[in-house]
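Features of the protein shown, as given by TrEMBL:
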type	residues	note
TRANSMEM	A:9-30	transmembrane segment
TRANSMEM	A:50-75	transmembrane segment
TRANSMEM	A:87-105	transmembrane segment
TRANSMEM	A:125-146	transmembrane segment
TRANSMEM	A:167-185	transmembrane segment
TRANSMEM	A:215-234	transmembrane segment
TRANSMEM	A:240-258	transmembrane segment
Amino acid sequence: MLQFDFMRYAFISGIFISLICGLMGTFVVARQTSFFTHTLSEIGFSGATFGIFIGTSPLLGMIIFTLASAIFIGFSGERLSRREASISVFSGVFIGLGILFLSLSNKQANYATNILFGSIVGINLNNLYSLICLSIFILIVITVFFRQLAYNSFDAIGSQYNQRFNTLISIIFLALLALTISITAQIIGSLLIFVLLTIPASAAKYFVHSLKKMILLTTVFSLFGIWFGLYLAYITDWPVSFFITIIEATIYASSMLFQRVTTLR
Amino acid sequence: MNSIIEVHNLNLSVQGKQLFKNLTFKVPANKLTCLTGENGVGKTTLIKYLLGTFSHPDKETKLNVSSQKTQYVPQLRNLDAEFPLNICDFVGLGLKKSFLPWHTPKERILLEHVLNETSLTAIKDRPLGAASGGEKQRAFLAQALCAEPKLLILDESTASLDKNSKYSLMNLIERLVQTKEITVLFITHDPELIARYADYELKLAKQNGQLLRKDRGSHVTI
């Protein structure tokens with residue numbers, strides 16, 4: 001299977017995606033902003049179609065759209081993004097825009113399915129390079145601001161009073177989330193990004209309780225899901241995002257079971 | 001008397017409602033001052049205003065302490081029963097001097113010391129969500145202590161605690177004031193605690209404040 005270039009690229013990108021999902025997923029789950037992650041992925045979809053429409057790459061379109069919305073949400077306060085009504089409004093408008101751009105751009109429907117649902121043949125060498133560069137950039141920013149991001153994510157109220165530049169840190173986090181969504185979408189599709197950003201970390205928190213171990217275990221869960229999913233997709237020719245979702249859901253179910261058993265004891 | 005906070009003729013209103021008019025007071029340094037007043041008098045608002053003057057200074061307020069050396073422990077934190085992080089790492093979030101993603105050896109020693117001081121060492125690996133109310137308050141306090149503060153502002157930290165946890169927390173705070181040269185400003189409603197622990201009481205009423213010296217003569221400190 002690894003004699004094919006596209007499989008090698010997919011496996012390599014899996015490493016970077018899971019590293020980033022390990023870090024960002026842990027923060028996303030700590031902040032309890034899964035809904036916002038959901039909305040951002042829909043924004044990512046419309047960004048990707050916008051990219052196709054104006055003739056640049058879908059990735060660039062995604063980055064522009066998700067970054068702009070992340071910064072907008074950051075300045076108007078994260079509370080806005082938690083309101084049920086504004087979530088529906090955001091999702092609706094951006095899916096609508098996505099449909100519009102797609103129909104205006106006259107591209108075949110399989111373009112849309114690639115963006116929405118991901119694909120193992122979706123990554124070529126150029127995609128891989130931009131994915132790696134972006135991943136390294138995200139990792140550097142997280143490393144530099146790690147403490148501030150952790151404080152901001154795990155103790156929103158405490159950091160609000162006791163951390164300098166806390167609003168700026170929130171905005172940096174949202175911008176990182178936007179970039180994460182843009183690169184993760186390439187393999188799992190924009191519709192199911194939240195699977196990798198929320199499920200592994202939600203499962204990990206039932207098994208371990210230190211920050212370091214949570215990040216590590218989340219990374220392992222993501223990597224296992226992506227690699228095993230890629231393998232199963234290769235041998236069955238079924239969609240990779242289906243397998244990743246099922247694997248992560250199974251991990252989550254076993255974490256619930258684990259928690260039940262440990263509390264019973 | 002050295003003071004850590006000096007406020008002179010401050011007028012403060014929130015959403016059109018005047019809370020304070022010509023408010024003038026000082027908070028003595030290295031003492032435990034209780035901030036008291038009826039609900040809605042503006043205790044928390046005043047504290048938030050004072051914290052805001054670090055980034056937006058005004059001429060009515062003078063703080064003789066830096067923002068990094070000031071820690072505010074808010075009354076409520078939105079941590080549910082499933083909050084996953086263990087006590088050790090939650091407390092460690094308060095270590096802010098270094099920019100490295102991991103803790104330096106010096107910080108690890110400080111963290112250990114703080115956990116010890118707040119009697120959290122035995123339960124440091126337990127998730128904070130599963131801790132009792134008293135343990136949570138000690139963890140919040142411990143997180144603030146990681147910044148090695150000079151001014152510690154506690155907002156009704158004892159409000160939800162039973163008698164034993166309340167007194168053990170207060171004894172701990174009293175010890176900090178005596179041994180670490182920390183000034184504590186403690187928002188509370190509890191007359192018993194004020195009588196027993198307060199060096200001063202800053203009483204807010206009728207848009208103004210009054211600093212009263214408290215006699216703790218009957219209470220023997222340890």
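Each position is counted from 1, following the chain as shown.
Cβ atoms are placed via backbone N, Cα and C, with glycine included.
A:50-75 is the stretch from A:9-30, A:50-75, A:125-146, A:167-185, A:240-258 with the greatest number of Cβ pairs below 8 Å to the transmembrane segment (A:87-105). Each of A:9-30, A:50-75, A:125-146, A:167-185, A:240-258 was scored by its Cβ pairs under 8 Å to the transmembrane segment (A:215-234), and the highest score goes to A:9-30.
Within the same chain, residues 16-17, 20-21, 24, 27-28, 31, 37, 40-41, 44-45, 47-48, 59, 62-63, 66-67, 69-71, 73-75, 78, 115, 118, 131, 134-135, 137-138, 141-142, 145, 148-149, 152-153, 159, 193, 196-197 sit at least 6 positions outside the transmembrane segment (A:167-185) and bring their C-beta atoms closer than 8 Å to a C-beta of that stretch. Long-range contacts of the transmembrane segment (A:9-30) within its own chain (CB-CB distance under 8 A, at least 6 residues past either end) are made by residues 2, 37, 120, 123-125, 127-128, 131-132, 135, 138-139, 142, 149-150, 153-154, 173, 176-177, 180, 183-184, 186-187, 196-198, 200-202, 204-205, 211, 214-216, 218-220, 222-223, 225-227, 230, 240. Counting only same-chain residues 6+ beyond the ends of the transmembrane segment (A:125-146), those with a CB under 8 A from a CB of the stretch are 5, 9, 12-13, 16-17, 19-20, 23-24, 57, 59, 169, 172, 176, 179-180, 182-183, 186.
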